[in-house]
Amino acid sequence: MWRTKAAAACVICRSLAHSNYGIKRKSPLQNLHLVSRSIHHPYHPSLKFQRRPLRISLQQFSSLNRLPLRKTKLLNVKYGYQSYRNFWLARLASRLLKIRYLILGSAVGGGYTAKKTYDQWEDMMPDLDEYKWIIPDFIWELDEHIDLEKLIKALPDADDLAKLLPDFEKIGESFTSLKGIFSPGYNLVSEVIGASDLLLLLGTPGETAFRATDQGYDSDKQYKKVSDKEKIDQLQEELLRTQLKYQRMLERLEKENKELRKLVLQRDDKGIHQRKLKKSLIDMYSEVLDILSDYDASYNTQDHLPRVVVVGDQSAGKTSVLEMIAQARIFPRGSGEMMTRSPVKVTLSEGPHHVALFKDSSREFDLTKEEDLAALRNEIEIRMRNSVKEGCTVSTETISLSVRGPGLQRMVLVDLPGVISTVTSGMAPDTKETIFSISKAYMQNPNAIILCIQDGSVDAERSIVTDLVSQMDPQGKRTIFVLTKVDLAEKNVASPSRIQQIIEGKLFPMKALGYFAVVTGKGNSSESIESIKEYEEEFFQNSKLLKTSMLKAHQVTTKNLSLAVSDCFWKMVRESVEQQADAFKATRFNLETEWKNNYPRLRELDRNELFEKAKNEILDEVISLTQVTPKHWEEILQKTLWERVSTHVIENIYLPAAQTMNSGTFNTTVDIKLKQWTDKQLPNKAVEVAWETLQEEFSRFMTEQKGKEHDDIFDKLKQAVKEESIKRHKWNERAEDSLRVIQHNALEDRSISDKQQWDAAIHFMEETLQSRLKDTESVIEDMVGPDWKKRWLYWISRTKEQNIRNETKNELEKLIKCNEEHAAYLANDEVTTVRKNLEARGITVDPCLIKDTWHQIYRRYFLKTALNHCNLCRRGFYYYQRHFVDSELECNDIVLFWRIQRMLAITANTLRQQLTNTEVRRLEKNVKEVLEDFAEDNEKKVKLLTGKRVQLAEDLKKVREIQEKLEAFIEALHQEK
C-alpha cells in the first residue's frame, strides 16, 4: 500500500514540475529549474539521502486547501510572466478561525471539568449541619449581644491603629498560623470569628489593609474620630456587659446546682420517682439489713435476720479470713494493734467487675487497682475513727460496705472488733466490756451464723473467744470453727495430733457445725490475694496433716470455707425470713391501730415531712412581713425612735439651751448640739431601732396563734429558726451614712410653712413636756412622801427622811417664788441660807440633799413654765411667719420641736423604705438558708421536732419500709427457687 501511494506521489510531482504554474513577483520572470524543487521521496530512483516519508494522499492542492506539512519553495522553470495570486487574507482568516475554535473548545471542556471537580469536592466535604449541637448556644447568640455598629464606630482609624498596635506583625503571624490550622473544613469557626469586626485588630498587615480598603477605611471622612479614652471606655463597657451576662449565667447555674443538691438530699422524703433497677437477691437482703441496723440502733432492739458474724481474739486473723473470702485486701492492717474499731458489714455478691462501694456513697473502688485499694482502706479507717466518740476506743456504729466480683459467694458478713483480755494504755477503761457487749449483741441473734476464728499458732488454753461462743451457742447449731495460721502451727506444735483434736472438736469446750483449717498468708501485709492462694494450696498439697489423713480435703482452704458458709447462710435465710416478715407485719398492725386511736384526724407525717410542712409555714409568715402597710411601719418606727432619743433631746439639748438669756444664744446652742448628735449617735440609734422593730414584727408573725389550725409541735422549730435568722442578719452598713445626710438636712431646715405644722409642733411639745412633768411629779412624791389626803385615807405616814425633804421642798419653793427667773443651779450662799433656815426650825440638812431636791423642784417649775409658754405660742405663728421681733413672744422652742418632729418623720420614712425594699428580703433569704441547714442536720431535726406523735409516725414509716422490702425479698427468693 505504501508503494502504491509513493508511485502516485511521483506522478503528481512530475506533473507539477512540467506544468506552467508560476508566482507573480516584482522581479523579472525566471523559469523554475527542476532540480531546485525541494521535493524528495524515499522510493524515487534518483534519491540519494533517506528522509522521513511524506504521508500524503491523492488530492489536488489549491490556495484554499490546508497548507502542506513542509514548505516548498517554487521557482520558475520557464521564461515568461505568470499571474501572481495573493491569498494572505484567506490564510489569516483560517488561522483566526483555528484559534477561536481552540479557545471555545478549551473553555467548554475546562468549564465542564471544573464543574465535575467542584461536585466531587463538594461530595467529599462532610455535612457540618449535623454537628451544630457541639457549638455552645451562646456562639449563635453573639450577634444579639454584640452591637457591631457600636464596635465599628469604636474601632480606631488606620493611623491610630498603628499606634495602638505596635506588635502588629507578630500578632498577624500568629493569626495566620492559627487560620492555617483551622481553615480546612472548619467553615463554622470562621463564621463565628467573622461575626465580630474585632478581627481588624487581630489580622495580618496585608489583611488589615485589604479590609480597610473594602470597608472604606481609606477615606478619613467616613467615620468620626474619637479620642483614645472614649474608645477604651466603650470597649470596657462591652467587656463589662459580657462579664455581667456570664456572671448571671454562673449565678443561675449555682442556684440550680443548689436546688438539685437539695432534691437529692430529700429524694426519699419527697417520693421522687426514679427508674427502678433490678437488684440482685443479696443486694435486696443487704438493704433490709441496713434499714434494720438503723431501726435497731434507734429503738434498742435486735432483729433476727441471718448474717455471718465473724468473731475472734485480737490478731487471730479475722480480717485476713474475710479478705480471702472477699478476694481483696480491703481492710486497714496493723501489726498487733487494734485496727477494727467498729462493726463492718460486708455484702458479697457476684458481678462482672471486682468493685466495692459504701452504702451512703456512689463512688466505686476498683479492687484490681492498688491505688483504689489504698484509698478504700484509708476511707474505712477514717470512717471507723469518725464513728468512735470522744473518750472511747470502739464504736457500735456499723459501717456498710458492698463488694462485687466474679466468683464471690453471696452472703452478708459482719467483722467485729477482736476480743481482748487486757486493756492497754491509750484505750478507754471500758473497752473490753464494750467489745464483749457488741459481740454478744450480734451473736445472741438466734439466726446469726457465728464464724469463730482461732489462731492455730498459739496455745488453745489462751483462747478467749471460744468460751464466749460456747456461751452464746452451746449446742453449736450455728457455729463454724476456723483455725488460722495452720502453717505456723504445723511448724511450732510438737504433736500434730493436737491440730487434729482441734479440727475434730475434741480440744475446745465448744461445738460447731463444721471445722476448717486455712492459711491466710505469711504475715506480710503487702502480699496479694493470688500469692496467698497459691501459698495456701501449695502448703496443703505438701502438708503432713493431709498426707497422714489428720485433715480431710473438704476441711481446708478458704475456698471450701466460703462455699460452706454461703450454703449455711442461705439455708438459714430461707428458714427464718418469712417468720421475720410476719413479726414486722404484726408490729405494723399494732402501730397503725395506736395511731388511729390517738390521732384519728391527722395524717401520718414523719419527722422529715413535718419539717417540710413547718418550713412552708415559716416562709409564709416571713412573706407576711411584706404585707405590712407603710403607715404601720412608719408609726412604729417613729414612736420607738422618739422613745429612745427623747431623753437625750430634753436633757442634753432643750433644757441647756432654754437656760440661755436670748434667742440667738438659744439657736446657736441648739444647732451645735444637734450637729454633734447627728454626727455621732443619731444614725446608729435609728438603725438599732429599725432592726429591733423588724425583729419584733417578725416575732409577732412567728408566735401569734392561728386558732384551731395552730400546731404546737412546730413551736420549738420556729423559735430556733427565728433566733438563728436574727443572729445571722446584719443591717446594711451603708444605711448609717445615708441616714446621717438625710437627718442632718432635716434638722437644718427651720422654715415652718403653714399653721397646721405649727400646731402639730405645739401639740408634740406639749405631749412631751406633759410626760416629763408627770415623771417629775412622781419623783417628787417619792421624795417627800404621801400628802395629807393619802395619809388620812390610806393611813400612810412619812418617814423621817421624807419629812426632811418635805421641809426642804417648802423652803426651795419659797425661793423660786421670790425669784421666778432663777437660774437652774443654786448658788452656795443660797444653799447656806436654806440650810440655816431649816436649822432654825431644828432640822439638820445635808447640802447635797438640798441640791438634789432643788433639781426636781426647779425641773417641775421649768416644765410648767414651758407648758404655759406653749399656750402663748399658739397665736404666734403669724409673728413667726412675718419675722416680727417681739421679746415677749419668742417661740424658738416650738421651732426646735418642729425640727425634731420632722426629722423623726423623715427618718421613719427612710427606714421604712430600707425595711421593705432590702432588709425584709435579706431576712427572708437568711430564713431560707437556716431552714436548708436544718434540713441537712438530722440531729437538729430530732432535737426540735419531738413528741409521741412524731415518734409514732417515725416507727410506722420504718416498719412499713422494712416489711415492704422483706416481702419483695421473699418474692424474689421464691422466684429464684
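Even glycines carry a Cβ here, placed using N, Cα and C.
It should be emphasised that the depicted structure is a prediction, and the values quoted were computed from it without experimental measurement.
These come from Swiss-Prot:
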- 113-787: topological domain 'Mitochondrial intermembrane' (TOPO_DOM)
- 224-271: coiled coil (COILED)
- 312-319: region 'G1 motif' (REGION)
- Ser315, Gly317, Lys318, Thr319, Ser320, Gly334, Lys485, Asp487, Thr520: GTP binding site (BINDING)
- Thr319, Thr340, Asp415: Mg(2+) binding site (BINDING)
- 338-341: region 'G2 motif' (REGION)
- 484-487: region 'G4 motif' (REGION)
- 518-521: region 'G5 motif' (REGION)
- 606-853: region 'Stalk region' (REGION)
- 799-977: topological domain 'Mitochondrial intermembrane' (TOPO_DOM)
- 891-945: region 'Stalk region' (REGION)
- 911-977: coiled coil (COILED)
Exercise. When the region 'G4 motif' (484-487) is classified with DSSP, how many of its residues are helical, how many are strand and how many are coil?
Worked result: 2 helix, 1 strand, 1 coil
For this session: Specify the count of other C-beta atoms within 10 Å of the C-beta of Ser315 (GTP binding site).
Result: 18
Problem set entry | binding-site residues clustered about Asp415 (Mg(2+) binding site) [Cα within 10 Å; pool: Ser315, Lys485, Thr520] | none
Exercise. Looking only at Cβ atoms, how many others are within 10 Å of the one on Asp415 (Mg(2+) binding site)?
Worked result: 25
Problem set entry | Additional residues around Mg(2+), ordered along the sequence, whose Cβ is within 8 Å of the centroid of Thr319, Thr340, Asp415 | Val310, Lys318, Leu322, Phe331, Met339, Val344, Leu416, Pro417, Gly418
For this session: Please spell out the DSSP helix, strand and coil residue counts for the region 'G1 motif' (312-319).
Result: 2 helix, 2 strand, 4 coil
Seminar exercise, completed: Expressed in Å to no decimal places, the gap between the Cα atoms of Thr340 (Mg(2+) binding site) and Ser315 (GTP binding site) is 10
Exercise. Around Thr340 (Mg(2+) binding site), how many other CB atoms lie within 10 A of its CB?
Worked result: 23
Exercise. Which residue, of the binding-site residues Lys318, Lys485, has its CB surrounded by the fewest other CB atoms within 10 A?
Worked result: Lys485
Exercise. Using DSSP, what's the helix, strand and coil tally for the region 'Stalk region' (891-945)?
Worked result: 52 helix, 0 strand, 3 coil
Seminar exercise, completed: Rounding to whole Å, the Cα atoms of Thr319 (Mg(2+) binding site) and Thr520 (GTP binding site) are apart by 10
Problem set entry | Averaged pLDDT score, the region 'G5 motif' (518-521) | 85
For this session: Would you count the other C-beta atoms found within 10 angstroms of the C-beta of Ser320 (GTP binding site) for me?
Result: 25
Exercise. What does DSSP say about Asp415 (Mg(2+) binding site): helix, strand or coil?
Worked result: strand
Seminar exercise, completed: The number of other Cβ atoms within 10 Å of the Cβ of Thr319 (Mg(2+) binding site), counted over all protein chains shown, is 24
Seminar exercise, completed: Three-class DSSP assignment, Ser320 (GTP binding site), comes back as helix
